[in-house]
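So that you can see what the record holds, here are the features copied from Swiss-Prot:
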type	residues	note
TRANSMEM	6-26	transmembrane segment
TRANSMEM	28-48	transmembrane segment
BINDING	130, 134, 202	Zn(2+) binding site
ACT_SITE	131	active site
TRANSMEM	145-165	transmembrane segment
TRANSMEM	173-193	transmembrane segment
REGION	290-342	region 'Disordered'
């Protein structure tokens, strides 16, 4: 099913590419767009994961600089029977995470610094189990290719606005109509991405993730915290084609389970996980248990100890005052964009 969905998606994206090329340069432009689309498809297959990780300045971590987080991913990977993915952290205050890679053998999972600061180890385990479920289902191939191609189509639409409309009436001129139509392609391509990546994959990943970590309430608690954080993600605002890759939509203003939303409504996902917890009897025998650091020693992510309070989801320990591994900041990537009034 994922292979067929990916093939259909690539065909749609290629057709859109060719259509914009025709509006810009007629038949010649269409053929050039076809060649570019073919090259883009191949490039996306091999390199889109690196492009997405680069867009968020994600940095790879290992057992030396992020021991607890890395061990959580390692333990969950063993539970799932998957190859060990590369593990990344990206500097962003919004609690969120995503997976990428063309197959389980070439996969990567990434968590934001905000996620590691806001969630308990059990909740982090629930989130990363969800991302590993995407890897297992090979959703990551579809997600990474669509993110790259949708962004490329948006750029081609902008190109049409500035350089289109110069063909003559014999097939070499479309006036201003062509560029105007091309300008519509960018949002339409984003809509196609949202439709092509079915929201049902999130429910499936939630369910499989709960099976991997062994406790659906860990993920339910994490989703509630992430949704309630209300932290902007300006990196995602600048790269909206990547929004569907995250565990919760990083963009503002999309809270309803509408036809074209990138994610199901969070409350619906939490309700499904609560029902699954009852079905599973709360916990499974093979539940994964993150290894907490000793209270007197450094905290799970690197420095301070946890505040020990139980929350209503059955997750031990509330949000902690721990710090996260230092991954190095590259400028102010998540600063609000500067406009003419500021």
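Start at 1 and count along the chain as shown; that gives each residue its number.
The backbone N, Cα and C atoms fix where each Cβ goes, glycine too.
Here the features listed in Swiss-Prot are placed on the structure.
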{"residue": "130", "record": "Zn(2+) binding site", "Cβ neighbours (10 Å)": "28"}
{"residue": "131", "record": "active site", "Cβ neighbours (10 Å)": "29"}
{"residue": "134", "record": "Zn(2+) binding site", "Cβ neighbours (10 Å)": "27"}
{"residue": "202", "record": "Zn(2+) binding site", "Cβ neighbours (10 Å)": "24"}
Practice item. Show, in sequence order, which residues other than 130, 134, 202 on the same chain lie with their Cβ within 8 Å of the centre of the Cβ atoms of the Zn(2+) site. Key: 99, 131, 133, 139, 201, 204, 205, 206, 209, 247
Practice item. Let me know the DSSP-derived helix, strand or coil state of the residue listed as 'active site', please. Key: helix
**Study point:** Integer Å distance between the CA atoms belonging to the residue listed as 'active site' and residue 202 (Zn(2+) binding site)
**Key:** 10
